[in-house]
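Peer 1: Sharing a structure, written as structure tokens. Questions coming.
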Amino acid sequence: MCDQTFVAVTFGPCDSCSKASPLMNIYIKNEPINYCSFCVEMMACQGLQKGETLASLKRECDNLKKKLEEERGKLNDVELHQVAEKTEVLGALSVKTRRVLKGHGNKVLCMDWCKDRRRLVSSSQDGKVIVWDAFTLNKEHGITLPCTWVMACAYAPSGCAVACGGLDNKCSVVPLSLDKTENLAAKKKSVAMHTNYVSGCTFTNSDMQLLTCSGDGTCALWDVESGQLLQSFHGHTADVLSLDLAPSETGNTFVSGGCDKKANVWDMRSGQNIQSFESHESDINCVKYYPSGDAFASASDDATCRFYDLRADREVAVYQKDSIIFGASTVDFSLSGRLLFAGYNDYTINAWDVLKGTRVSVLFGHENRISRVRVSPDGTALCSASWDNTLRIWA
Amino acid sequence: MKEWNIKCVNSFSMEKVIVAMQDPDMGMKMRNQRLLITVIPHAMTGRDVIDWLIQKYNICEEEALHVGGMLVRYGYIYPLKEPRSLVLRADETPYRFQTPYFWTSTRWPASELDYAIYLAKKNIRKQGELMEYEKERYSLLHKRINHTWDFVVMQAREQLRASKQRRKADRIVLECQEQAYWLINRPPVRSLTLHYSAVLYHTIESCRRALGRNRVKSSICLEGFVKFSEQYQNHDPIMQGCLPSNPWISDDTAHWTMNSEIVPVPTRLRVERWSFSFMELLNDPIGRREFMTYLEKEFSAENLCFWQACEDIRHGESSKIIQKVEDVYKNFLAPGAARWVNIDSKTMDKTLEGIKHPHRFVMDDAQLHIYFLMKKDSYPRYLKSDLYKNMLAKAIVPQETKKSVFPFMRRQRHSSPSPAQAVTQVTEEDGRAMGAGKAGTNSAAGSHV
């Protein structure tokens, strides 16, 4: 009973290049034809720029990329695991589950530690955001949001508020009140507005600014007080799934990763894309800085985690194993940066020796995929959030 | 565009619902709707949709509203009367199914060319029919993809001509469907997608920039990681444990108490960390305080005060920027200022110029200058000073807590005052303040028993 008032081909072989793809129905000289979007643009760009065609642009782009790889390779005089040969081999970790936080009624999608090293905030698919004292297992605050899939949550540096957002395309800040009778959701303040889901958020060095990333392909910096957009970051060509603030002295950059397989480093002041890395074979689900700020790690659907050196401007390690075939969704470093904890879709957490590139331990316990791992601010524990509705504290 | 649908919302399950709704036997009852003077076939009311969902999936009204709302938001059903209001109303409001041609999952990606053709059609069909934000985008597109404009206009004319050959009802239906599609894919709030030539230009530009950057030899960088991890290894509780014990393992919060924000005597590991980098020293409130004391002895405390004031501007409320910049100028930069800081003339001139139009980052250059001054000069001398050496000498080295003799007895886990307490209104009813609420909302929370 759906409209078939006109039949239009939506998918199939392109009339121009014969590749099977989604088709656009256009008219050439009164005749309807079906071209794939690339061919349509090829045709439309007849007068590109003084003799340029889309094909010649693409050629120039590929050449430049190759040249860039060559330049990067020139300074590549040693590999990380070679330099790490002199460091001692790590024994297996004696890390165990010390707490299980039960209370969410659905998949836990995100969590963030409070600076006080024991509290944390978590958000889940059913729209609930919970603030816990993880040490005592007390639930201190509960916020119910009108939207489902709260994919992003963050604790404010002061400990007095949390930010959360997701499928509502917004990121809101909720001040935490100790008055038990108060409905926290009523005090919720919308700060960020995107045109697609919000996948990640973090406060910058104070409660006053919020950095978000979204399925609309952009990241944005917001003023919490006024809700004003301070800066937006364009460059990703698909959904942005994760971001992390650099712990650098000058505190002006952050890294983002997305479905275009790229990890981009941005200047917060100018909005410019400073560096870009494209070596993963699938979506990048998470990015996290090395504690010194000179590198970052990424987790991807291609079942690998990678380590990128910002000063050498290249990927310097790949953490993978034949036996690991499920995508990695999240990563975080231990305090010294020697260990990299990565959560996977096969319900496990793997601990990698960052320098040697070997796996040190596997942490079992969750009963569904891991959505987030975060080491506590003083490095005493690791928290993992999972689609099995629980969070675990490991130490 | 990544199908986040596949990751969580699952367009396939939404489409299954839509197909079930249109099943000739078990699907929804359709009727004709009047839209002005034209009759639109195959329409249904919001109430119909809700009722059908409740009945078919055995769910409550609230959940049906939610599911139905998603179908509207993702464009599988669109409202006839108020096309811009993408909500499902549980009343007589009429809706229609979107044709699969326009489903988000099939019609992908929604390119700029597509959008330009759509806007051109609207513009040609009836002058002034474009909304304000559409007019803006139309002229923006005209600039950005100017080289394709002949093609855009040609296509728009062709498509309009072809649609004229349809029946009026069909034409109106098509216009509704197309409009609904673009309201989802190019909502009035700003969004940005790039099409191929723009992506290529962008990549070319960033490659050129990357080629011009300075790179550091791998051996130097990688050695840096090894050194960093070695230096911090003793401070990494997961790797080396922590003293007196890891609170998560022993249930004893002594470690946190000893390492609170402000303590009378800090631990040795903590004081050692101040020597790892200038940032470590500044990030620790006790370290910063000690450094300030040192600078006061050297008569250069204004540097740290200036740096702190600049941090406050950079990270504080937008509304207070102008006032704060003025204060900083008065106290630190103006000729004859009480705490004048020594900045090179070039940076000073640039900063003074910037102050005329104050913004969040106007002090950045000056702040950086003073930061590096302290880092290169005062900081190394502080580390060699008696002040620091004494601090290190009297720092605490906690005793390791032996494992409990009775491993089955678990310590009681004490709670701690929440950092949020600082802002809770204190009720004076019983005349007692609630806990030892920490003042100062900007500092990191440090609440420990």
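Glycine too: its Cβ is placed from the backbone N, Cα and C atoms.
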Peer 1: For the coiled coil entry in TrEMBL, name the matching range from A:54-81, A:250-277.
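Peer 2: TrEMBL lists coiled coil for residues A:54-81.
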Peer 1: Against the repeat 'WD' (A:363-395), which of these stretches has the most C-beta pairs under 8 Å: A:101-133, A:191-232, A:233-276, A:277-318?
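Peer 2: Counting Cβ pairs under 8 Å, the winner is A:101-133.
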Peer 1: Within the same chain, where does the repeat 'WD' (A:191-232) have neighbours whose Cβ lies under 8 angstroms from its own Cβ atoms, ignoring anything closer than 6 residues to its ends? I mean 6 or more beyond.
Peer 2: 112, 149, 151-158, 160-161, 163-173, 238-245, 251, 254, 256, 258, 266, 268-271
Peer 1: Residue list, the repeat 'WD' (A:101-133) vs rest of chain: Cβ under 8 Å, 6 or more residues beyond ends.
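Peer 2: For the repeat 'WD' (A:101-133), the list is 139-155, 157, 159, 162, 164, 166, 174, 176, 202, 368, 371-372, 374, 376-378, 380, 383, 385-393.
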Peer 1: Mind checking how the repeat 'WD' (A:101-133) divides into helix, strand and coil residues in DSSP?
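Peer 2: Its residues divide into 0 helix, 20 strand, 13 coil.
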Peer 1: For the repeat 'WD' (A:233-276), what are the DSSP-based totals of helix, strand and coil residues?
Peer 2: 0 helix, 23 strand, 21 coil
Peer 1: Across the repeat 'WD' (A:191-232), what are the DSSP residue counts per state (helix, strand, coil)?
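Peer 2: Per-class counts: 0 helix, 25 strand, 17 coil.
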